[in-house]
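Here is the structure we will look at, set down as structure tokens.
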């Protein structure tokens, strides 16, 4: 069996089921749907309120009718949290340097929250999107924004805009549901989730309703127990209800999904003085009968008693220094166990006092709330980071779908590494297994000293699992067994079932550790003596067992066995084992890399990283900024990104070593060419001055230059400037410390205004009396015109043609961008014979421009019969056979095929017998 970081590789990746709904799921959905319809019908019939607003923002909401026909109302259980559970060690800047935030692609959509309303999604802690979409996704149609829900969402995933209110998994996405119809919603959502938070439950025991009228504070107490089942206590405390059974069934059928529930806050609501009147529920009926005061053990109600959920109480902590909490115990309000059958509840404690987080009153508001609700969110968000770490460790080659821990593994890991004042004393019914220590759990998974082992196995009915281990000594040997048990039998709601001790455990697994002479038993608690410390014995109640050997013998071999009692439900039972205190392998490995020092690479380049030591029995993992690289499982890696690279090598004995980090930086090499865009050479004896600079405009130093014209290197051009005297596309390539950069193109074009010929071609024209003649200049869309007579500009004479009826010397000034050219003169004189020179007014069009393969000619002239089109280069060389086009309804159409022509600027000359028109185009 191959070991990776001391974690057994025999694990299953979570997959999303595509099966149709199973019969038990259909039955469950139908049952809850019918109950909901019956509840609403009875509410209308009996005038039960659907909502009841109490003081301190408490809202009771009608959920269902119990088996006795009584309404069941739900209520909510109302940067210190991250510090108290040491989650800060996993976050960015934390002591473990693993920078977890819940943002890994594999974690998207895997964290859920069921609560009493809608999150204020526009709050600054949730606004914007993650790489996988919106940070908050409300999955149902609830409309009312709820402070409690917004507060828990902030504790789970708040971005940290206010650093004191940063969530545990501050980079994660969160899916949110209202708690109405939670069971049917869980059926659908569970296959895609890893964790969900539930900080609500039925209204039970004593409730102080400050909104009742009057000034007598005692008459504001209400008793919510069902007096037909018990006259003195609320039977729901510790009671394994049918809903708890359904939650266990959902958990068993979704083995990677862990529901986290709050333990409620009932120890702070203890009722009025004995003999004082109070109200029964939210009615006007008073009573003075003495009832249980909710102030000691067995005050965790209903769904929180499910076996496979993680039930969370609130811790009372002090701090010896900045980030090291000391657990004093649970808070005065936090619910205590056990369950009626004696199981350990709460399982764990989180930070639930004065937790600062977002609230729903505005996009920038925050509030300090206390309660097991806050503690549950603290734990849920922290455990999500542990799943991210586990997936990241196994992500090599699986960047989008890493493997996850089973829910039983995650639960066992959290309990195994929890802080408690005296670990050897075991768990108790007040604080469970202790205060969550996320840092210790992460260190166990990282397993850098090879002191730990995580196994996920399955026990076949009738079999026993055994494994030998060697103890390190000088530290405890701790083994924790955890499994997701099939759903138990719901307790019957009858008076004789109150505080029923009948175990709800179905598959009773047993953990033992033997040294060959003595067998060590797990912790066990006695529900009949709830204040008594744990003893060692046969635990027949819990689906978590732990054997704790405080002083194992160094180097001694111990044998772990897992077996089961009686008949096993189903053919096998999956389980998880977590072991600490293993003998360390004498590791002599040293990891080195080639290159061994920080390196700078060019943009777009690749750096070949290579292990300095290679052996067939070594396993390699490359890391970038602490994250395992996909495809980084060989002795070499091609680095293309900037960052800190490290190499971890592990041999077949599990011995590992990590190299010193290599900082790879990408040099910023860039060049800007100015002027940019299109530039013009007005004459062949002029030039355009090109300058190469940095993008900020500063001179480039320590640089070599290479100038290019139409992608070809220009000989003897190695300065930072260049005077361009030819048309074409110019670039400059620079080299700095071996890295090259190429500028954008500057296109230089030769102006065509240097030789402007007018039509008619005759330089002297005789104009009969009363006649006119039309002078025409070449047409180009980039030209502007100004006509002159006898050296004086003519008003409004800005067209390419001019109609002349007066004697004089005429010429036209043609401007093309910044270039100016003049035509030859035309002398117009009076003639003795009267004639008129026709002006056909032809329209010359050619396209596309610029072009690559073809230039199309279009000419319209109702008088002309045939035109001749010639194609010249800028040196006046005819580059194509003359195109002769005959008229078709006064239109002329033709094409030049120019694929073979080199890139550059070309001239088109069209003659129609009465005039000439000139055009210019660019060949790409």
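Glycine is no exception: its Cβ is also placed from the backbone N, Cα and C atoms.
Features as listed in TrEMBL:
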ACT_SITE  115  active site, charge relay system
DOMAIN    135-434  domain 'Peptidase S8/S53'
ACT_SITE  148  active site, charge relay system
ACT_SITE  373  active site, charge relay system
DOMAIN    847-918  domain 'Secretion system C-terminal sorting'
Across the domain 'Peptidase S8/S53' (135-434), average pLDDT on the 0 to 100 scale: 91
Surrounding CB atoms that lie within 10 Å of the CB of residue 373 (active site, charge relay system), all protein chains: 32
Counts of helix, strand and coil residues, the domain 'Secretion system C-terminal sorting' (847-918), according to DSSP: 0 helix, 41 strand, 31 coil
Collapsed DSSP category at residue 148 (active site, charge relay system): helix
Cα distance (Å, whole number) from residue 148 (active site, charge relay system) to residue 373 (active site, charge relay system): 9
DSSP-derived structure type at residue 115 (active site, charge relay system), helix or strand or else coil: strand
